[in-house]
Amino acid sequence: MNRFKTSKFKNTTPKIAKKDEWINNVRAGSFASQGNHIKASSKLVAFNTEQAGGGMLGLSSVQPGSDGQRAVTQISCHSDLVTDMDFSPFDESLLATCSVDETVKLWRLCDLAQEQSSSPELTLRPGQGRLELVLFHPTSSGLLAVGATKSAQIWDTNCQEAPLAVLEQHGDQVQSLGWKLDGSLLASSCKDKMIRVFDPRAQLAPVQVSLHLQSNKDSRILWTKDDLLLTTGFDTVRKCEANLLYLVLCKNYRISASLYSKMTLIPLFDEDTGLLLLGNTGIDCFEVSSSEPFLSQVSHCLTDTSTKGVALVPKLALDVMSCEVVRVLQLTDSCILPISYQVPRKNSGHEFHDDLYPDTVGTTPAMSAEEWWKGGNKQVERVSLHPDKRPKQKAAPAKQTPAKKEVASGGSKEVRSRDCSTSSSFVPSPSPSQSAKAFQNLMGPTSKFRHIQGTVMHRDTHITNIRGLNLTTPGECDGFCVNRQRVAVPLAISGGQIAVFERSQPGKLPDTALPTIQNSVNVADFAWDPFDTHRLAVAGDDAKIRVWQVPEGGLKETLTEPKIIMQGHTEKIYSINFHPLASGLLVSSSYDLTVRLWNLETGKQVKVLDGHQDQVFGMAWSPDGKLLATVCKDGKVRIYDPRKSTSPVQDGPGPEGHRGARVVWVCDGKYLLVSGFDSRSERGLYLYSASSLSSGAVSSVPVNVSPSTLIPYYDPDTSVVILTGKGDTRVYIYEIVPEDPYFIECSSFNSPEPHKGLAFLPKTECNVRDVEVAVGLMLTKTTIEPVAFKVPRVKKEFFQDDVYSDTAVWWEPALTGSAWLSGSNGQHKKISLKPKDMTPVSEAPKEAPVRKYLPSSVYLEEKTDEQKKDELLNDMVAKLGNMDDPLPQESYEGVDEDEWDD
């Protein structure tokens, strides 16, 4: 603001309401979340409570009742902690909540005198784990921004199946989200100390990234006027601070509060007055200006109670006759304090002061989500705050369904949107090639699989009513195994029994006993021969390997005599693994600390590999079948060339944790991917160069804390690895690339209940017409359910040849085991997955691009008064219709002049 110009708000004074006007009987909990603990509409206030583990919200009214009191009620929203909430700017009774239970819900709140509904109007399931943030769009109805652990999504409330835009992953926990006041841009603050600004309609990557925060502790972000972006957080000595970043001029104005607190400053901004409030132990009020000095302190309000949260009451609920310009609700442990900010004026309480109250944003959305997506930049119509000019209040929504109405009218597709006028004023407009190059340098490689979706197939394909499942298989065992024709499942029945189900016969299993394979000892691990769908190898506690032959059509009777019994280990076997290229070769690891190679043609061991100092967690053959990698409890990763030496040809440091690990070859055998645990028992992924194990991991990524080892499935055609653990509900997906950043995280899949294993079928089982890139079978307590992993594509009528490369026929041997042992090598032949009646998408006819938005010059062009007048007249004429048609009165007959004299 001009230093020589006096501000009308410089004397704004905070007034704490009297105690009898406080909202009492509040039991605010102390919960750690990134969102708000209190939010208000012009009618209601919602806040966190400690009841039901934080899954219940408290409700009260903004205005006191006829008796001067405010009733408090509760509503059960989620099964776990409510992390954030937001009222719709266009419906005072519509509340959005998100939770640790990984759902977003929309609630239709009724009058507090009535019983609140126990069912939400809408439930969204982003599938990104714990949700932290939810935020309505400021100009378009039906649009929600949702913040998960490391990502932000844009959701259409009319579409519950999937988000319409998933923004690029952040480097760490997303701590705050904020829409620009005109709804064109979305800003985020992150634990990696970066702030990012997204133009969702233009691209999924941020249009601007800045290392702005000094600490990785909690932070908040908020748009103020023009291009001023406010962040609050902590400095390097844990002192609360607020930073005002002028994005156009790249200037930074920093406020430092001399206070040490576990709670960050909570920012609130009133667009009409330009007043900024920062809440912590007290509330500081500043006036924001578009020119230096950008911030001028107005007042400081200190309260006696600790603050749990603060919320701004909408402008339409203020007492304008008392010159109230801002009202804040402060949430404490036991009550909510209304704090009114008033401007001292003569005749206050009797006159309306127009200069204090410019027209404010109304409650009618400017456009639908569809219009916004097409490039619309309409702003919400402003209304007067004068008591005599107020818009008529809508009927109370308790007896109608405005939530569904809002969802329906709010538009359909709230996805990546494009706003050229704001974007061009925000950052320079480089050429497309420069933008792409800058984005590539900034964010690194992007994955075409980042929006991959996992879907459980129809119930008709499930195998159900499985009884007596063994849930305590060793950690080195995958839990069950599958091939193209059948599934083998261990049972918790004495004698090490294994049930075999035919995939061609889905449905409910009978309650009677089923024929099984009886091993007479506990089963340690088992695996199907990749080249013979009838042959099953089983390792037992008695250090023996039994090879069974399942008859054509499946088990008709219980098998008790194996075809082959191989013995050589002196102690219990950990795991077994077939050779990927040569038929009849099997490798096993044991408690005797040896790894042995077996020839099933002769039933004898042919190699004994040594060098391990502790338990072998996992083994994996290289893609060319020449080398064998192992990961061991002694903290080493080793590579063997079994035909040349019984000792490892390479070794290097592995994961520090000793709870378990798995290993798989990736990137055409150039790297080893190890899933294991760090020293703090946190699960993680580690990537090693196969040519230099001794150098340690070239990259690693933490996953989460869980007791089960992540079991990886790697697809060499797409370089996508899918991981999950026994007892998990979440399936993690990454694309592995042989350059920095190595790991590109993709969308994850969440199962409704914990699964006991996930095994995958050959690539030929994928439906390429639906862009399925992997199909697996998920084992639960009583069912086996197929899960398809699909890549969302628009032109599904074409074969997606950028997704489907020629795939190896790995279910046919490339050579015999004897030939491999004698020194021969081979490789699988490859086949195309393209159906004959489909055209590759690379050969699809090119379509002329349709411009969904107007260039920024249209919005920035200065028009003369004459041009505006002409446009207005043309619009009026167009609405009137055809002016050449005669008017009805032109056909009327007049009267003679002499008749007027009568």
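Cβ coordinates are placed from backbone N, Cα and C, and glycine is handled just like the others.
Annotated domain 'DUF1899' per TrEMBL: 3-65 (among others), in sequence order. Counted with DSSP, the domain 'DUF1899' (3-65) comes out as 7 helix, 19 strand, 37 coil.
For the repeat 'WD' (75-109), the residues of the chain that approach it from at least six positions outside its boundaries are 31, 33-36, 39-44, 46, 48, 52-57, 59, 116-118, 120-136, 138, 141, 144, 146-147, 155, 157, 314, 361, 363-365, 380, 397-398, 401-403, 406-407, 750, judged by C-beta separation under 8 angstroms. Taken from TrEMBL, the feature repeat 'WD' applies to 75-109 (among others).
If you look up TrEMBL, you'll see 167-199 (among others) marked as repeat 'WD'.
According to TrEMBL, the feature region 'Disordered' maps to 382-438 (among others).
Under the heading compositional bias 'Basic and acidic residues', TrEMBL lists 403-419.
TrEMBL lists 421-435 with the feature compositional bias 'Low complexity'.
Annotated domain 'DUF1899' per TrEMBL: 443-507 (among others), in sequence order.
Here the repeat 'WD' (566-608) returns a mean pLDDT of 92 for the predicted model. The repeat 'WD' annotation in TrEMBL covers 566-608 (among others).
Here the repeat 'WD' (609-641) has, by DSSP, the following mix of helix, strand and coil residues: 0 helix, 17 strand, 16 coil. The annotation repeat 'WD' is assigned in TrEMBL to 609-641 (among others).
The region 'Disordered' annotation in TrEMBL covers 880-902 (among others).
For 893-902, the entry in TrEMBL reads compositional bias 'Acidic residues'.
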Practice problem: Kindly report the helix/strand/coil residue split of the repeat 'WD' (75-109) according to DSSP, in that order. | Solution: 0 helix, 23 strand, 12 coil
